[in-house]
């Protein structure tokens, strides 16, 4: 039943201790209740591409949507609104009142560990995409939490790094998506970032709170990122409403003490408590499930399949290799991702999916009569693949004593289906969460004979035994790695010769986080601990490549599907380079292209760009991001023409990592990172410097052809902030297939005395057309279409002059032009 309470009455009658309790979570995912005043606890939940629920370990399966950059690549407001609605429904099923998403940080560099979570390098596209999803989610009565405000654009030293950025770049690039969200969606919550901006942690910077609440007139609940509160007095006085997670580290008795010293006023406490009560009241109006459960409805699966296929970008299609015919007699499926799809990046985005469709199965469905030749070709993992399908009868036992303690008492047992686990939010009656031990035991039955490599990484301590023989010691001596939000060890490797079909008893003896012998700073300690055990048959790399080349040569067509996965793109660390995994993938692709380029399709899976040294020799390249539950089906729908590709790159694709605008100023150096590229992020930089890219921002091909009228009619011809202009063009499908085109409107200020980008995205429309169909399309501008941030005046400025309207099918392919005039220079603040 939905609870009701009167906020004014509650504030007037509860104690200061109750008010203080409201200002932090009660645990990892819940706010603090006040039962005597009918104030309930409400649940928040990750993540950016799905609703995990309250459990990292033994969680309830969930819908996994495509990653943020994939969703941005749809350029489809309505489809993204429907995606938000699905996330709202998933929250209700998981008993959650608040979704901790979406993410709208900027991809300054292709190396950002969480770059895949955000929508685009362009602030306008990112803001519009985020607003669309928020509107959909909140239409279900679920509060959305836009994050991370602001400048959390890298993982390296993210809690300590000081982002040095000009006021202009801060406003035009990094704050702009949040501003669009505030104007168009007004979500109920905002999450602060871990980092500093220009000398002060955002979470305790009064200027940042004044910006959203006074300048923008938007007053959401503001919560910290998890363990992202660093002070009591400064953060409370600045405007932070809710410290997460609980139990509080900086509030509670510390606020009491600060109030006694009159360092925090009673009125400030009331303001913070009121905002939390408003949040709880709004959230608790929606009836959510009392127990966490899944949905997995047919209509949800259909929507996720559409999201996946509509995000996929056809980068190259020489000789019209695609779509592939369905009467193929023999097809080669090559690559690490054929049978193990990359459905999401790592960290907060990771969850237990309802299912994950594979490209192997999807191709078999599309070509039921074809002979399929499958080869791995080259591995793409950075850590050995987790053991799942070869694991049986696996459980984890929990103890308050180590394995050396005789007759220790088992406090509980959980069944498991994989050899990866995180205990950060795990609860068990009697278990000492500060210090505990567990034992995973299970049966491992290899499907091939030979030497098997096992890899074990841990946050805590762990040893691997096979048939009671110690194979890996990750307890005695530990070396820091990047796993588990940067708190884990590197992967320690052991090996054993195994026989196919024979069952081996595997055992992991695990000690919780506080047993670790490593000392790490600057990383979030989520507690509980975690471990990951992977395994792989040791194979000869050259033989794998040779087998892949032979399969491609023998087949009518070959599909290579490879790329990155959450080993390479994840919260907690940044990518070390822009290359594909350095285990022979490029060599394998080149070998196949040497003999079968004319009949080979290359499908890349990654959330951000990768180098493609073989791109000029490939005839057909498809980029499919991280596609969620329906990854395999979505890719197959494109490859066989069931869906006409309409995705457009949400990121520029540089040829080389050294070409990207943040190359010289990315990682934290001396505790700070200089945003030296200023406003020239992404295509703004490449165009300003004349730097060639492999594929431009907004690029994406189709199986049909569109004709656009070369003249864009702009009306009114005189642009004012109160009455912005619109551009009208005609577009016709002159090809033989139904399809969609994205008309991208860029505005240029060629005669401005102020340094400006060559052009900037200021509007777009996605248009669906049947063969022969023609439509008139209106693309609407807003008052910011001509403006920039004037650092001297501290206001937005629209300069008088003539502006060009450039309508393209990518940032490089301009197909229609127009112009308008601003006859008077104007300034303004706010939204």
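Keep in mind that glycine also has a Cβ here, set from the backbone N, Cα and C atoms.
Features of the protein shown, as given by Swiss-Prot:
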- 225: active site (ACT_SITE)
- 389-549: domain 'PA14' (DOMAIN)
- 13: N-linked glycosylation site (CARBOHYD)
- 474: N-linked glycosylation site (CARBOHYD)
- 514: N-linked glycosylation site (CARBOHYD)
- 604: N-linked glycosylation site (CARBOHYD)
- 629: N-linked glycosylation site (CARBOHYD)
- 726: N-linked glycosylation site (CARBOHYD)
- 823: N-linked glycosylation site (CARBOHYD)
Please list, in sequence order, the residues in the chain of residue 823 (N-linked glycosylation site) that are at least six apart in sequence and whose C-beta is under 8 Å away from its C-beta. 718, 800
CB neighbours of residue 629 (N-linked glycosylation site) within 10 A? 29
Cβ neighbour count within 10 Å of residue 514 (N-linked glycosylation site): 16
Recorded positions: 225, 604, 726 - member with fewest neighbouring CB atoms within 10 Å: 726
Which of these recorded positions is closest to residue 474 (N-linked glycosylation site) if you go by CA atoms: 225, 604, 726? 225
Could you tell me which of these glycosylation sites, 13, 474, has the greatest number of Cβ atoms within 10 Å of its own Cβ? 474
If you measure residue 629 (N-linked glycosylation site) to the residue listed as 'active site' at Cα, how many Å is it? 27
Among the recorded positions listed here (13, 225, 604, 726), which has the Cα closest to the Cα of residue 514 (N-linked glycosylation site)? 225
Whole-number mean of pLDDT values that fall within the domain 'PA14' (389-549): 94
For residue 823 (N-linked glycosylation site), which of the three DSSP-derived states applies: helix, strand, or coil? coil
